[in-house]
Amino acid sequence: MDNSSVLIPKDRPFPLVGRWTEKRKAEIRNSRVIGTRRIVSILRRNVLNGSTPTTLINASAVGFYGTSSTACFDESSPAGKDFLANVAKAWEAEARRASADGNRTVLLRLGLVMSIDGGALQKLVPVFKAFLGGPVGTGTQWVSWVHMDDVLDIVVDAIVSESYSGAYNVTSPQPARFSEICDELGARLGRPSWLPVPSSILNLMLGGPAELVLKGQKVLPSKLLEGGYKFKHKDLRSALRRTFDDSNPNSLRSQTAPTIKNRQAPPRKTPTRGQ
């Protein structure tokens, strides 16, 4: 397909970390919902003016499902009812409006991305290096993670393969307990995972997002697997090894994204379920 007909919004949403005052909640929501609304309005105007419908690849988050210590979510699961779930639901609703004008719309519900360039892992590394690392809360909560290599590959596949449509969970098929992540991270850094972090401390460190970390969620990438996507990093150990590999193009030393040029779309099955 013509890659010039693909739109991937690049605006950085307002960060989640911090105290969730009413003002901050509004900023979190508006930076996602209103920004996407503007993009979809531009796409609609272009189609009305005679342009060929395009492809919109829009980020979302597994926060769509809410948190649970027992449930297992996939794309057929309903939206949750907490604040982040409502934000993700509204965010996706704006993106889905593009479909009404014939634009192929892909929603990527991202899990915890394994990258030392940002996010939770970047915050955990200095704690472990200071010999203060350990599980958060009970440590038994599920973490639905994905390596940056797979995120980039899935974005490229979604661009070149027109079979992609609707929502996809971008998470490893092997979610892990938080304690497992801490154990593997400590082993990778040569540090012990021994000092549990009380819930009260995490609330001070993260603010609003602490609830998501403390309760967790188990999310599976059913549509990607049914469609034939092969994960580069299924298991946590492989993902962390890659993350801290000096030759990793996604490390702080280099930023090189995979090229779309001459990329062939992989053979894909048509998913039989999901949104």
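Going from the start of the chain as shown, residues are counted 1 onward.
Cβ atoms here come from the backbone N, Cα and C positions, even for glycine.
Those TrEMBL annotations? Automatic predictions, nothing curated.
According to TrEMBL, the feature domain 'NAD-dependent epimerase/dehydratase' maps to 19-170.
Summed and averaged per residue, pLDDT over the domain 'DUF1731' (197-242) gives 89. Annotation comment: TrEMBL describes 197-242 as domain 'DUF1731'.
Residues or ranges marked as region 'Disordered' by TrEMBL: 243-275.
The compositional bias 'Polar residues' feature in TrEMBL is assigned to 246-262.
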Give me the DSSP three-state residue breakdown of the domain 'DUF1731' (197-242), ordered helix, strand, coil.
26 helix, 4 strand, 16 coil
